[in-house]
Amino acid sequence: MARSKSSEKWLKEHFKDPFVQRAMKEGYRSRASYKLLEIQQKDHLIRPGMRVLDVGAAPGGWTQVAAPLIGRKGRLVAVDRLAMDPVADATVICGDVYDDAILAACQEALPGGADLIMSDMAPNMSGIASVDQARAIDLAELALDMAHRWLVPGGALLIKVFMGSGAEELRRALRRDFKKIVVRKPEASRARSTEQYWLALDFQGVAQERLDNGGASSL
């Protein structure tokens with residue numbers, strides 16, 4: 001099937017992108033790695049020995065950055081519906097986080113909860129702005145739901161947020177559960193994109209779905 005002119009234009013722009021070229025040279029799977037590296041440099045959110053859940057992790061750019069920072073004394077779980085190649089010192093789980101079996105697998109890998117949950121999830125774009133924005137906010141809310149399930153008191157949540165309808169409501173929800181929200185726009189984010197990265201710090205809520213002793217609880 002022949003590519004459309006718009007897809008050809010996107011591919012040309014993509015491969016000319018300096019962060020894409022740098023990722024290829026330095027062995028990262030995605031230009032998104034540099035977004036997390038910049039946030040880490042500014043905020044020092046990932047530390048040795050932490051327990052981290054990377055939601056929507058494929059192809060693994062953020063997982064690659066986080067694994068050596070956490071080290072072998074910590075735990076890093078990367079989950080995505082899409083297949084993902086292994087990353088050293090990380091547990092990769094392939095499946096939908098709405099699936100009970102996948103939730104159980106995450107629980108087994110992180111039995112004591114998570115110190116940090118991070119998500120670089122974005123929807124497959126339809127080209128219809130209102131639809132795409134709603135889907136993007138849904139994914140950010142999914143990451144917040146994961147925080148309610150597994151984040152320990154004092155933990156942090158890092159999410160991608162596309163500014164637009166629903167973003168302010170999401171901000172209010174985060175403020176109910178966290179003491180502070182830091183907003184970042186990394187250099188690797190394309191200037192025309194409305195994406196921001198929100199780092200919510202010092203979780204004040206209670207993880208509702210964590211199975212500390214093998215028994216189930218419900219919302």
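For all residues, glycine too, the Cβ spot is worked out from N, Cα and C.
The S-adenosyl-L-methionine site recorded in Swiss-Prot comprises G60, W62, D96, D120 together with one of D43, D80, D138, namely D80.
For the S-adenosyl-L-methionine site, whose binding residues are given in the record as G60, W62, D80, D96, D120, the maximum C-alpha distance rounds to 18 Å.
In the shown protein chains, 22 other C-beta atoms lie within 10 A of the C-beta of D80 (S-adenosyl-L-methionine binding site). The binding-site residues listed here are D96, D120; among them, D120 has the most other Cβ atoms within 10 Å of its own Cβ. Looking at D80 (S-adenosyl-L-methionine binding site) and K160 (active site, proton acceptor), their Cα atoms lie 16 Å from each other.
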